[in-house]
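A.B. asks: The structure follows.
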């Protein structure tokens, strides 16, 4: 965020020294995008409450915000190895909010923000935890077979990768 804020200040300083004719549309779009992102990131709270299986774990996510944001969703990947039915061990995430075209109608829309993404990710650890339509089939089947062993494996992953 500091880099983004610094870039905005630098861009504003350059804007005064340039003529408006030399500013391209793509630069103007990126500037609006950057301003949206600064505002949204400032609104996010870093310590969201976790409950359930993943309580106590600290999970890192990488978010790539495309130039066409907020018309297209950001790309998000989980960097922390996790045993989860909706997140693969390589970090792919199954969350309809992150899809441009979602079958259930809850996909990305230009009115959504990064805050919505964070709350959606947080929900994957609580109420949106989905064992019926998993991305990580092995983890979902493990939960169906033996809930206690599933919990033990989640705890092991948290101790090993999410502290």
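Keep in mind that glycine also has a Cβ here, set from the backbone N, Cα and C atoms.
Source: prediction; values computed, not measured.
Grabbed the feature section from TrEMBL, which reads as follows:
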ACT_SITE  94  active site, glycyl thioester intermediate
DOMAIN    1-163  domain 'UBC core'
REGION    1-27  region 'Disordered'
A.B. asks: Just jot down the residues in the same chain as the residue listed as 'active site, glycyl thioester intermediate', at least 6 apart in sequence, with C-beta under 8 A of its C-beta; none if empty.
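C.D. replies: Listed in sequence order, they are 86, 87, 130, 133, 134, 135.
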A.B. asks: What average pLDDT is reported by the model for the domain 'UBC core' (1-163)?
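C.D. replies: That stretch averages a pLDDT of 80.
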